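Enquirer: Found this in Swiss-Prot, in case it helps:
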type: BINDING; residues: 49, 50, 51, 52, 107, 112, 113, 114, 118; note: substrate binding site
type: ACT_SITE; residues: 50; note: active site, nucleophile
type: SITE; residues: 97; note: site 'Important for activity'
type: BINDING; residues: 187, 188, 189, 190, 191, 192; note: NADP(+) binding site
């Protein structure tokens, strides 16, 4: 048995290459079955995300070249082009790599939790394809356990390390229950999209997306069950908004002190939490002087992110230690597993010899044999039969000068030097 983990990720390959090596969900089952059919892979799973495409494989004998060739052929790449971005991990390193990936230690955003769910999906698809057996299945379960322990025993996932997530985390500190809050998001770019996703996941009661073009706002709003409006509609929406997060490319402020003052009066001075992620700023700085307004800028968030990233990096050291222990423990149990078949066969052989001697003893007793003599004969016969094959093999190994094998036999049978009985002087 041998494990392989190979592929490309955001650190080794450009977006262009990652796009070309990616698998669509519809391709995965057929790709897995083809991979096992055309290479020497007995078990296989594929993890394909925007940041990585990786193959996790169990083989009788390591054959990474054949798998890389298959991957290149499948995506119509030259092998040299793929090799320039690919990495290969074998055996213990493959196990450790899987555990690091599932724990978020190899992610673009250190400690991000989504990768574990993606890993579980990869396992589920491989089971559907029938390409996961007992060994790779055990590795996945050990990987999930290691990732869970990292989440439980370290702080690697506790602090936000993206501006969008930091903004939502600050909102949670201001409002105890986001499920009762309404959010107004200004803009429709990547950052606001991430903010919308985080707010949606936190169960915010209502999200309104305001943008210069209604079409862009509507596309974003549809993803999260939100409501789309134009920038001109912001004054009407402000009075109902507990959370306002803005990130546009406007060169002039979009929200002024007067509009916010008016909204606060309508809200009877119920607090508004505001985050201005834009550069230049979307919200006039004077807004922050108003009572009942909590205004944060992108610089405030970067300070939070930097501090939290430092915290995560400290937690990552502890996480790496847990992963190392997890990988070593798995490999130890795997090596122990290799002895199971041998032990099972030896037990079956011993039980057959025991049954033969027991039947012989029962016949002797039935014919009136002396019980003590029969028991003694049973013990001698069973001992001789159990020792016969090992004795023959040990003599053969000794004749061949296999001192190492003799030493191993002494360890196997727990024989200590000078352990033979000696008559008292």
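Note that Cβ sites are derived from N, Cα and C of the backbone, with glycine treated the same way.
So where do these features actually land, and what's packed around them?
Expert: Annotation note: residue 118 (substrate binding site) sits in a helical segment as assigned by DSSP.
Mapped onto three states, the DSSP output places residue 50 (active site, nucleophile) in coil. A C-beta separation below 8 Å, combined with a sequence spacing of at least six in one chain, links residue 50 (active site, nucleophile) to 18, 22.
Note on residue 97 (site 'Important for activity'): other Cβ atoms within 10 Å of its Cβ, all shown chains, come to 26. The secondary structure of residue 97 (site 'Important for activity'), as reduced to three states from DSSP, is helical.
In the three-state DSSP scheme, residue 191 (NADP(+) binding site) is classed as helix. Residue 191 (NADP(+) binding site) has a Cβ environment of 21 other Cβ atoms inside 10 Å.
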Enquirer: For the recorded NADP(+) site formed by 187, 188, 189, 190, 191, 192, which further same-chain residues have Cβ atoms within 8 Å of the site's Cβ center?
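Expert: After dropping the recorded site residues, what remains is 185, 193, 194, 195, 220, 247, 248.
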Enquirer: Other residues near the substrate site, CB within 8 A of the CB centroid of 49, 50, 51, 52, 107, 112, 113, 114, 118?
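Expert: Not counting the recorded site residues, we get 104, 108, 115.
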Enquirer: Rounded to a whole number, how many Å is the Cα of residue 192 (NADP(+) binding site) away from the Cα of residue 113 (substrate binding site)?
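Expert: Cα-Cα distance, residue 192 (NADP(+) binding site) to residue 113 (substrate binding site): 20 Å.
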Enquirer: Nearest to residue 189 (NADP(+) binding site) in three-dimensional space, by Cα, is which of the recorded positions 51, 97, 107, 113, 118?
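Expert: Its closest listed neighbour, by Cα, is 51.
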Enquirer: What is the number of other Cβ atoms found within 10 Å of the Cβ of residue 107 (substrate binding site)?
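Expert: Looking across every protein chain shown, the total is 20.
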Enquirer: Counting across all protein chains present, how many other Cβ atoms fall within 10 Å of the Cβ of residue 118 (substrate binding site)?
Expert: 17
Enquirer: Can you figure out which of 49, 97, 107, 118 (the recorded positions) comes closest in space to residue 188 (NADP(+) binding site), comparing Cα atoms?
Expert: 49
